[in-house]
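Remarks on the structure that follows.
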Amino acid sequence: MSFGDKLLPFWGKAGPALGQKFLIKQAELPETTQYYDNGGVETTMATPYYPMASMVWFQCVFAAITVILLAGSVLGMNIKAWMAFVPLWLTFSYTVGAFSLWGGGFLFHWGVIDYSGGYVIHLSSGIAGLTTAFWVGPRSTKDRERFPPNNVLLMLAGAGLLWMGWAGFNGGDPYSANIDSSMAVLNTNICAATSLLVWTWLDVIFFKKPSVIGAVQGMITGLVCITPGAGLVQGWAAIVMGILSGSVPWFTMMIVHKRWTLLQKIDDTLGVFHTHAVAGLLGGALTGLFAEPTLCSLFLPVANSRGGVYGGSGGVQFLKQLAGGDDAVHGEEAYALWGDGETYDSTKHGMYSDDTIHKTSTGATQVV
């Protein structure tokens, strides 16, 4: 449904995925052919040089990652309800974004850029997580107040594995070792490192000391922010994106939430909204500004794609990114915010502890 023949402008047809005949044929995304206004072919259908089995596995893992991220918003809640929720959400929500942006849907052909899942994975999981947490309701006050980090060393080990794995997450999306994948890996590390430092500096400036948890949060927001444009921006742009990804989510998590009493009642357990939705939307918008024309021509199906800072149609691209990251994909406004991020203090925070906290590439446009 994410990569099949067109059923609706935002949804593909379901089809078999485990039959041998299907799995051993060359991979293809049938709806990724891009046409000119006069009907001529601008970019042919994406046909990566590997079997459909590789496509099925790669995309299965991406879908699984998305729902795992969403789970961070409702940790400690009813497992039976979660088991029913997962297949329904993947079928009726995730596939809509994936087909629209990657599989040949209307946003794909409109030219909205999502290199590796800033919108399809991170924005969707963050918005869905916040929405789910709202409807499920908060954990008990006792549980929310007793949620300290269990083992900082293990957290650092996990963060290191996550950072290392993100090189495959972003670098693997062109489905080949090429210019896009090389730029993606380099920019991923640049943005994450910059974001980590900025988040840590802000902790020192406002809270008088650095925090290991804060450093990890900054790393994650940097990784998320670069994801929509990892292989499409230059190194200097990755630094700018890192500065903003280390400061904007920090501001929404540490400052904005404390002023929005109603939103404090939404028990987003791990703050997934900030680390993924805010950072993902920010990354998508910045990709619309900084996408470099030459790199775009190597990866994207729409000719003359470029970021706003490069003139020409770049301003239009920026507007497309904003539209693609908001109503067009989710039908929701992404402005509800969460977060504390420092040690719980009942005199400051009341009864709740919120801290407890192209030419189409062979990768078929992601197009993951």
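Residue 1 is the first one shown; counting continues down the chain.
Backbone N, Cα and C define each Cβ position, glycine as well.
Note that the coordinates shown come from a computational prediction; the quantities given were computed from them, not determined experimentally.
Annotation comment: TrEMBL describes 47-323 as domain 'Ammonium transporter AmtB-like'.
For 56-76 (among others), the entry in TrEMBL reads transmembrane segment.
The transmembrane segment annotation in TrEMBL covers 88-113 (among others).
Annotated transmembrane segment per TrEMBL: 119-138 (among others), in sequence order.
Look at TrEMBL and you will find 150-169 (among others) tagged as transmembrane segment.
Look at TrEMBL and you will find 181-200 (among others) tagged as transmembrane segment. Away from its own ends, the transmembrane segment (181-200) comes close to residues 115-116, 163, 166-167, 170-174, 210-211, 214-215, 217-219, 221-223, 225-227, 229-233, 235, 237-239, 241-243, 245-247, 250, 295 of its chain (Cβ-Cβ under 8 Å, at least six residues beyond either end).
Residues annotated as transmembrane segment in TrEMBL: 212-230 (among others).
Marked as transmembrane segment by TrEMBL: 236-256 (among others). Among residues of the same chain six or more beyond the transmembrane segment (236-256), those with a C-beta under 8 A of the stretch's C-beta atoms are 186-187, 190-199, 202, 206, 217-218, 221-222, 224-226, 229, 271, 274-275, 278-279, 282-283, 286, 290, 292, 337-342.
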Can you tell me which of 88-113, 119-138, 150-169, 212-230 gets the most C-beta pairs within less than 8 Å of the transmembrane segment (56-76)?
119-138
At a C-beta cut-off of under 8 Å, are there same-chain residues at least 6 beyond the transmembrane segment (212-230) that contact it? List them, or none.
113-119, 121-122, 149, 152, 155-156, 159, 162-163, 166, 169-171, 173, 183-185, 187-188, 190-200, 203, 237-238, 241-242, 244-246, 249-250, 253, 271, 274-276, 278-280, 282-284, 286-287, 290-291, 321, 341, 357
